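For reference, the structure is listed below as structure tokens.
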Amino acid sequence: MTSFSTAAQDAKAGAEQSSTRIAFFIAGFSVASWAPLVPYVKQRMGLDEGTLGLLLLCLGVGSILSMPLAGALAARFGCRRLLVCSTLLICLCLPLLATISSLPLLIATLFVFGASMGGVDCTANVQAVIVERNSGKTMMSGFHGLFSLGGIVGAAGVAGLLSLGISPFYSMLVVVVLTLMALAKAAPNLLPYGSPSDGPAFAVPRGVVLFIGLLCFTVFLAEGAMLDWSAVFLTSLRGVEASYAGLGYAV
């Protein structure tokens, strides 16, 4: 009986680890799918670089505001609910970003997209911390490696679809379908809880934690700049066709 119970626990732990890896892949894949769209949005809306920068600020503001809330929401409602809801919002936003030409709607969509990105990123890390702690092994670098792999596949995949003449809207539909398939695979074994009940849902960072947080903020800022501007740089200053410009983020 003991060996059977241990085997069941090991299988459950393995399934949770696999779902965590898929969650990180989803985060990287869905977010990177935005990079090839930026030149199309700029051209469709007739934006200059300054106006585009202000619009992209909406995405960053959404992410920054959602991240502190995501940890508390995960503690209250569980990682599974928050990851599923945030991923579904991303799937809703991507086709809109590929088609809308209304400035107010674009602002709202970018804000929601950014907030959803922040929710997925933060909650995936909450899940990863719990899963890693339960396993007693060092697993975090592997989880984040799946985020990077998802980013490469997302940006390169969308660029490939666009280079074949597929419209941005239908390219985003492909991304949405693949994302939903991955989410359906991961969801059953995502954690139905967040941080341990004996710990606070939110704590003000201090000391070394604050320093690491500022370091992460700097890295996140650089990553966001590459996500939002690499394709625009290649099309505007290097003469690369818009359909191939998304490869800049993948590389």
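Residue 1 is the first one shown; counting continues down the chain.
Placed from the backbone N, Cα and C atoms, the Cβ positions cover glycine too.
Feature annotation from TrEMBL assigns domain 'Major facilitator superfamily (MFS) profile' to 16-251. Feature annotation from TrEMBL assigns transmembrane segment to 22-41, 53-75, 82-100, 143-163, 169-187, 208-227.
Residues 23, 26, 30-31, 33-34, 37, 40-41, 70, 73-74, 106, 109-110, 112-113, 115-117, 119-120, 123-124, 127, 167-169, 171-173, 175-176, 179-180, 183, 186-187, 190, 194 of the same chain sit 6 or more residues outside the transmembrane segment (82-100) yet have a Cβ under 8 Å from a Cβ within it. Annotation: stretch 169-187 has the most Cβ pairs under 8 Å to the transmembrane segment (22-41), among 53-75, 169-187, 208-227. A Cβ distance under 8 Å defines the sequence-distant neighbours of the transmembrane segment (169-187), meaning residues of its chain 6+ beyond its ends; these are 18-19, 22-23, 25-26, 29-30, 33, 36-37, 80, 83-84, 87-88, 90-91, 94-95, 97-99, 154, 157-158, 161-162.
Same-chain residues lying 6+ beyond the ends of the transmembrane segment (53-75) with a Cβ under 8 Å from its Cβ atoms: 38, 47, 82, 86, 106-107, 110-119, 121-123, 126-127, 193-195, 201-202, 224, 228. Here the domain 'Major facilitator superfamily (MFS) profile' (16-251) returns a mean pLDDT of 89 for the predicted model. Cβ atoms under 8 Å from those of the transmembrane segment (208-227) belong to residues 31-32, 34-35, 59-60, 63, 248-249 of the same chain, restricted to positions at least 6 beyond its ends.
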